[in-house]
Amino acid sequence: MLTKRIIPCLDIKDGRTVKGINFVDLRDAGDPVALAAAYASQGADELVFLDISATEENRKTLAQLVRRVAERIDIPFTVGGGISSVADVDLLLHNGADKVSVNSAAVRNPGLIDDLVAKFGSQCIVVALDARRVGGEWKIHLVGGKVPTEVELFTWAREVADRGAGELLFTSMEHDGTKGGFANEALKTLAGQVSIPVIASGGAGTMAHFADAFLLGEADAALAASVFHFNEIPIPELKEYLKDRGIPVRI
Amino acid sequence: MDLVIINYGAGNIQSIRFAFERLGFSPELSADPDRISRADKIIFPGVGEASSAMAKLKQSGLDRLIPELKQPVLGICLGMQLMCRRSEEGGTPGLGIFDVDVVRFTGVPKVPQIGWNSIRNLASPLFQGVGEDEYIYLVHSYFAPLGAQTIATSEYGGPYSAALAEGNFFGVQFHPEKSGKTGARILKNFLEI
């Protein structure tokens, strides 16, 4: 049976992990490769690396990091942050990334999705949707959720899927960082609108929140950062918890 | 061990190379039919769209070479699908090594299938030391139905072939290079066949 995926997200700046990371038994929590290996051995199903310092100069540093991760890690990983061209994606995939996540550039130039899918295939193209409600309607936001657009979340999600994206990574900017649970209602609507997998992001605080994202939000995967980095929710415990609630997970 | 990964421009093959390096082997990447013919073991990878990948094989004459190979060959993901009779994706003929037609998933809520699924009915030395219902990682929209050459099954809206074998030819729908310890064991088993 296909299982629900648990995905830790690592924020990367200049080739190092940022945000306070307090991971048990890890000498250098700033080393993304060591952290990734620790998560893989804990049972994480995938990893996401988000380059928050994405600039032209940093592209090479990121590519080198991707290569080191790919050499060491035997589970799939996605790289995102500032990807705006076929050449950006080519560099990351060539260095061993399994998937890339595009965000703002796709909103500005939707044809980029078609170009990426034609060149690399749907299976490695994840489109990130950052949204919050404006006057009761979910609107896409850019630049880490700071810049609002007029683009409506569900309309955009359908277009992204039609253009051939392989997966959606939906982050509710309202829920992100609150630890109050995922945006389950919006997730459920999203799941009903597209026939590609949806990754839930933003709001994880307890193990019950993950169960809700799968059972109420009908998400295919759930992504979180700080609850894993600070070991507030150990992945093996989380998976046992989900399994006890009848949610298929890889243990 | 002279191990060659066929490099015909259909997708990312670094991960496969790294997986073998983690096992202590140094595979060579090549699209040269002479070089491939001399290898002890051959990996036939592939991601992307079937008909364009098939066109690339034809350009380099690999479509004629691969079915003639006598050494162990392991097709991975699209590589496995191209070893079948034909694929519904792009309506392309395949290499005809496995007597099965690749078709698209229907009647399932999500296509592609992305994630970890379990394999069972393991019937090949390829799965030596791998338990029934261990998990492997897959990303695919098309699948090979069950047939006489099925050596492992998985379920997504119904049973399908997770792996196929015929003589010296092996194919896996999943990505052993991304399937943790289980995947590493399967790659190691292939090298020991």
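Just so it is clear, glycine is given a Cβ too, placed from its N, Cα and C backbone atoms.
Per TrEMBL, the features are:
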DOMAIN    B:4-191  domain 'Glutamine amidotransferase'
ACT_SITE  B:Cys77  active site, nucleophile
ACT_SITE  B:His175  active site
ACT_SITE  B:Glu177  active site
Distance from B:Cys77 (active site, nucleophile) back to B:Glu177 (active site), taken between C-alpha atoms, in Å: 11
Intrachain C-beta neighbours of B:Cys77 (active site, nucleophile), sequence separation six or more, cut-off 8 angstroms: B:Pro45, B:Gly46, B:Val47, B:Leu138, B:Val139, B:His140, B:Val172, B:Gln173, B:Phe174, B:His175
Residue with minimal Cβ packing [other Cβ atoms within 10 Å] among the active-site residues B:His175, B:Glu177: B:His175
Where the residue listed as 'active site, nucleophile' sits in the secondary structure, as DSSP reduces it to three classes: coil
DSSP state at B:His175 (active site), helix/strand/coil: coil
